[in-house]
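Residues annotated as active site, proton acceptor in Swiss-Prot: Lys175, His294. For Asn123, Thr173, Lys177, Arg295, His327, Ser379, the entry in Swiss-Prot reads substrate binding site, with the evidence type sequence analysis. Sequence annotations record features per position, and here Swiss-Prot assigns Mg(2+) binding site to Lys201, Asp203, Glu204. Residues or ranges marked as N-acetylproline in Swiss-Prot: Pro3. What Swiss-Prot records for Lys14 is N6,N6,N6-trimethyllysine. Residues or ranges marked as N6-carboxylysine in Swiss-Prot: Lys201. Taken from Swiss-Prot, the feature site 'Transition state stabilizer' applies to Lys334, supported by sequence analysis.
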Amino acid sequence: MSPQTETKASVGFKAGVKDYKLTYHTPDYETKDTDILAAFRVTPQPGVPPEEAGAAVAAESSTGTWTTVWTDGLTSLDRYKGRCYHIEPVAGEESQFIAYVAYPLDLFEEGSVTNMFTSIVGNVFGFKALRALRLEDLRIPPAYSKTFQGPPHGIQVERDKLNKYGRPLLGCTIKPKLGLSAKNYGRAVYECLRGGLDFTKDDENVNSQPFMRWRDRFLFCAEAIYKAQAETGEIKGHYLNATAGTCEEMIKRAVFARELGVPIVMHDYLTGGFTANTSLAHYCRDNGLLLHIHRAMHAVIDRQKNHGMHFRVLAKALRMSGGDHIHAGTVVGKLEGEREITLGFVDLLRDDYIEKDRSRGIYFTQDWVSLPGVLPVASGGIHVWHMPALTEIFGDDSVLQFGGGTLGHPWGNAPGAVANRVALEACVQARNEGRDLACEGNEIIRAAAKWSPELAAACEVWKEIKFEFPAMDTL
């Protein structure tokens, strides 16, 4: 070894492995307004102290690696490293705790959810020192959120485009989700829209399969939309699913939808990916298309309480990436969703400023500044008897989507749509008159059914249907 090499090796660098907590656990750190803050639920392996586990999360999701490297000396770790600045126990769980980590803004590419998630929820989730790891919440600073376009249009612009105010919007997923020909599919769309719905929807699985190619579906659905609009005098839409195997094909489908003059397209944002979703959102804003977002695959990521990522984080990511609607659970239907937690991330989707509220699972105050809001979509196992609860829980700025609750009507699709529209109008009128939907909901629906035979038939069919299972998503 030359003298020069010896000198370099002996100054400022010592090879080997050292505890993460010596560098990345900084309890005295005061967070900056520009930091991205994360709350992780950490379950360390037996014998791993909380401070070491929390510091390991901060290190492995930012600048750290398993051993000391000499190139650390070529940059400023103090400027770029993530910091575990606070640790707190999880009530009722001996082996779990919440680790709060602050990330400097310069770690992330502007306008890229893909890059942000690659760091924060990347390889660290496979780290052997941890038995499980879950990202519960993120605080996105205005300095970062302002680098995103966000939703193509937002709630107010959508209402202005549709000329619909003062009530939730009504939708319906066409069933059976797979197997219909394009012409029969378009017929079902027409019947539902003519009956009083604002939107119909492609199921998330419907892309371009042998039984129904995308171009045929788009054409027959456009015909249905224009026919229903002419008959009802209302603006109608169908969520044409542009999700495809490549970004180029996805954009091609969105271009065709725009050329048909329809108001809205759709994307499966998790299976399609954030890069594709952001690209489509940009196209939709530039070309006047609304963008409906389905969350297929979310439960793979968010349903386990100890590992993965909570949906409130996926909801924030979607607001940044871009979408005008997103499915957000129902509280009362067949899909997972506890009331206060669901309302917590619904507010994160719609509101400009959301205060920290741990009772609703919100770990950080979130200021979206001018990023447009997203309409939450309640969908999955809901029917006319749920209408009072849905109207009370979600309020006007929402989309209530009845698939089987429309198409399962004993008299057909159009009467099913009529039943839902009558039930909604009755609930909105009762609420505006000061009645309590939570207490008087069934009475309101029964009264409306007396002058709507379609609603009366729907009430009879679904009077015994319930989905009563304990929610997995609890605090």
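Every residue gets a Cβ built from N, Cα and C, even glycine.
Recorded features from Swiss-Prot, shown on the structure.
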| residue | record | Cβ contacts under 8 Å, 6 or more apart |
| --- | --- | --- |
| Lys14 | N6,N6,N6-trimethyllysine | Thr68 |
| Asn123 | substrate binding site | Glu60 |
| Thr173 | substrate binding site | Thr200, Lys201, Asp202, Asp203, Ser379, Gln401, Gly403 |
| Lys175 | active site, proton acceptor | Asp203, Gly403, Gly404, Leu407 |
| Lys177 | substrate binding site | Asp203, Asn205, Val206 |
| Glu204 | Mg(2+) binding site | Asn241, Thr243, Asp268, Thr271, His294, Ala296 |
| His327 | substrate binding site | Ile293, His294, Arg295, Pro376, Val377, Ser379, Gly380 |
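Remark: of the recorded positions Lys201, His294, Arg295, the most isolated position is Arg295 (fewest other Cβ atoms within 10 Å of its Cβ). Around Ser379 (substrate binding site), taking its Cβ as the centre, 25 other Cβ atoms fall within 10 Å, counting all chains. Residue environment of Asp203 (Mg(2+) binding site) contains 18 other Cβ atoms, counted within 10 Å of its Cβ in all protein chains. Each residue in Thr173, Ile174, Lys177, Asp202, Asn205, Val206, Tyr239, Asn241, Met266, His294 lies on the same chain as Lys201, Asp203, Glu204 and has a C-beta within 8 Å of the C-beta centroid of that Mg(2+) site, without being one of the site residues.
Whole-number maximum of the Cα to Cα distances across the substrate-binding residues Asn123, Thr173, Lys177, Arg295, His327, Ser379: 37 angstrom.
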